[in-house]
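Notes for the one structure printed next.
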């Protein structure tokens, strides 16, 4: 329309002449006709007429050419007089009314603006929920056996959990086998366990094995910025599930929507509670139906609402724990199938050296070993690559580029020597694996210990010896350097944590006895924290602090007594660390037992300025007791030296 409007105004074959050009044509007497035109749609005024052009070589007569000159004739008296002198005393006036063109031009900006808004909102609506009215629709993805290649053969190390979820698949395939005895399929199964143990992998295996529809959704997919969307999505998901019954609904990280009600401050939790109420009704309410099995996974069962956990909603709880030595070996063999492994690789030995590792960490270990071997240009992955990957995953990568002064290296060497000597001399400690003053991860130096086997209980004499080893670094600094550093901050922090566990939870204090004094610090809800009072008096709190201090002070004095008795061994080990930087278990034990080393390692090619952080680390020997940090005790991590 715009092109049409312009073509109408301009006319076909009309030449545009300027005022000087028109003046020349008038002087030459070539202008034959003139009309004054006023265009009301554009507000322009111009002269329009015809002039003659001499004939060309191929033309027989003069050519008459239409032209147009934009000019304001009404206010140009000189031009009027000039035109009158050239034979045009009176000029006709013509008014043009182009209503449709004018109307179109006036609304064109608004049309463009509305069009831009339309495309913008259309794109956002598509991104938000596949349509303007689909915010309340379920985002559960429907999977079938052909869409996932994971089966129960790919799940290893959690045999008991695998057996329990396999029963669901067997029931769906042959329900009469169970129904003839009056049994019914569980309405819900809650998989609980630490992160990385294979809960989601089990769900993928169920999807790969089951011959029924499998809906998969995350707990966070129910929550949206709009009020009421979560409850609507829950209802829509179960409505779809009932249409496809019998089927399985898997909710990953259900703690995102199933947290206990009545906690938290403000109104943000009301929407989540509304979503949870809808979930409770759909799982076991008036309109609930059999044939829809709900499987959920979480690593925070303690935060879930009690109404969600009762039988009728989740009839069965499946514990997916950290794998034992046999489970770790099975997991390693599953993941080792994806890499080129050399014949000398011993996965059984690697499984013994990875206590406390989850399935995800073992998968990462195998991948790191493959990357290390590829970086070295090898054709396959051998045992040293696996050992190096294990140390990297557990204690961090070596930081050889970190430059430190000789004084700091010396402090680190004596600190680690103190840990190592006590670890060898004391009876109830885990075997030493390696000692290094090369930085690893956040630590400047590491004393590595690996348990000989999986441990599930902490005996008191083991805990006391561990506390003594933790004090070894600080004592060695004090005895040999005459000063102390901040390198023991991680040891002190975790020794305090361990001693408080002994007093408050494990009943290992003779003074306070077998009473549980611990606050429920695992609860992360502000509302529940505000409503919880400490279950003991101020006098008891002071007694707890005194007992914690007593355990740590006793460990410190014992460590100091042993190090003073074996100063020559600590000195020899520290000097060996300064010279070689890294010593293995046999070399450390030989120095502690004989005072010398007959089979020293090759000297490190790295600059002697590379040092380490005065810290010790030990693998988590007790899988039930882990903390945020890693380190000498379960979860201990060093601090700057």
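Any Cβ shown, glycine's included, is placed from N, Cα and C.
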Between 101-121, 122-142, 143-163, 164-184, which stretch does Swiss-Prot give the note transmembrane segment?
101-121
Can you find which of 315, 324, 491 Swiss-Prot lists as binding Zn(2+) at the same site as 415, 419?
491
Look up region 'Disordered' in Swiss-Prot and report which of 544-592, 593-641 it refers to.
593-641
Near residue 416 (active site), how many other Cβ atoms are within 10 Å of its Cβ?
33
